[in-house]
Amino acid sequence: MLFVEFRFLIFFAVIFGVHWALRSNTARKWWLLLASHTFYACFFIGKPSEFFAHVTHGEWAQLPDGWWFPVVLWASTCMDYAVGLGIAGAASEGRRKAWLLVSLAVNLGVLSFFKYFNFFIISAGGFLDWVGLHSSLHTLKIILPYGVSFYTFQSMSYSIDVYRRRLEPVRRFLDLAFFISFFPQLVAGPIVRATVFLPQVSVKRQWANVDVRSSATLFYVGFVKKACVSEFAGPFSDQFFAGPEKYSHLGALAGVLFYAVQIYCDFSGYTDMAIATARLLGYELTLNFDFPYFSGNITEFWRRWHISLSTWLRDYLYISLGGNRGTKLYTYRNLMLTMLLGGLWHGASWNFVIWGGLHGVALIVHREWVRLSENTGVLLRRAIAVLAVPLTFFWVCVTWIFFRAAPTYNEKTHAITATGLHNAWITLKEFTFTGGHGRNAFSPECFIVLAVLAVLHWLNSQRILGTWWRRLPDWACALLLGIGIAVALLFVPVKYKPFIYFQF
């Protein structure tokens, strides 16, 4: 059930109405917990009538793949609930650390098995074949549970923060279960910290504190990003990446730009709708995007792109590895390890590892440039400042080639199975004007659309549109939103593609 589908609006209307009708905070949490698992179940049970018919007749083999996904979610929740209490009751630092290691081992073990087992088997088999040894390794039929990468990180953040004494362990299991499975952010983020969300759970939400106008506007913006812009850009990028060698350099440029638009509008659109949905229920989620394509350097880009993941990796991985402490060599080692693992978090493919590595290299180069530029002339620094945004965006687009080039998503198993480095190399050559001379190109209208989208995005980044919108009276906003929804519905496709980050 996607946020952009009509059935979600019906689902949310029921959840919204009952939630605010209930007076007890505990009753509200139980209601939203039930709603969250109902929402989660919609991704894998198929038709509810058929599912329950199979259950009542004991036809377990006929159940759809993934019926056991909630078991993984509940197991993670129960384990970290016990770990939190264990850490709090531990008599020594050694026992506290032992409890934390249980959480890390179980959570990372579950994530590694479902997401990376076949990847490591295939990689090991390929290496053995390469060195001339016969490989008899076999993969397993593993289905990746929806949202496991996201809720595993949320669950671990709770145990780690309890261990670091930044958070008191929850005594009520309901509170932790509600935090981990809250449906707006369950399957594709943002990755919400326990220190951010759990304090909200203990306080009864007040309708008077809900900003309906800004929440409805944010949901509409997210809807347009996904249903109109991302779905428009998707076919163009799919067409290009299906055969990059057929396109001219200008066609390659357009194809990669369309993918940059697609992935940003797809992911940030989902995040906008998730944040808006949570706000309408009285809860605040973590900001995840801040106009990343206008970043002046790659460090700034990672402060603006997928903020909840980048800050999670910084606080729980990079700093734990040593961060900036120690020599410059150790600092850069920590940075590269963080980015390589961050790339691997996105999927079991060498494409994602290379994508993370390229960003790690860029972060190191930027740090060195900051150090060396202190001794350069003013004119050179100004020239670099003028070119900073387009150069950063160009590098981000180069890395997107490795992120997108592989047709890696298996619709049946929900797993990333292929690498497609050859496709990435062909695309990179076309994009950087060093490849062949394909004849295919996109029409001039495509570049006009890209230019219009860039202008609108810039206006929004300068808060020009937001400032104008806030000055309007409520009735005018309601009228314009109604007109905007009607116009958007004229452009939405009959069938939507799943959000890109659902596969992670």
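In case you wondered, yes, glycine gets a Cβ from its N, Cα and C as well.
On a predicted model such as this, the values are computed, not experimentally measured, just so you know.
If you check TrEMBL, you get these features:
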type	residues	note
TRANSMEM	6-23	transmembrane segment
TRANSMEM	30-47	transmembrane segment
TRANSMEM	67-91	transmembrane segment
TRANSMEM	98-122	transmembrane segment
TRANSMEM	173-192	transmembrane segment
TRANSMEM	352-370	transmembrane segment
TRANSMEM	382-403	transmembrane segment
TRANSMEM	441-460	transmembrane segment
TRANSMEM	472-494	transmembrane segment
Positions whose Cβ lies under 8 angstroms from the transmembrane segment (173-192), at least six residues beyond its ends: 26, 29-30, 32-33, 35-37, 39-40, 43, 73-74, 76-78, 80-81, 84, 146-147, 150-151, 153-155, 157-158, 198, 201-202, 267, 270-271, 273-275, 277-278, 281, 283, 285-288, 306-309, 312, 499, 501-502, 504
Distant-in-sequence neighbours of the transmembrane segment (30-47), which means Cβ under 8 A and at least six residues beyond its ends: 1, 11, 15, 18-19, 22, 64-67, 69-70, 73, 146-147, 174, 177-178, 181-183, 186-187, 281
Positions on the same chain near the transmembrane segment (352-370), where near means CB under 8 A and six or more residues out: 297-299, 302, 332, 335-336, 338-346, 395, 398-400, 402-403, 416, 421, 424
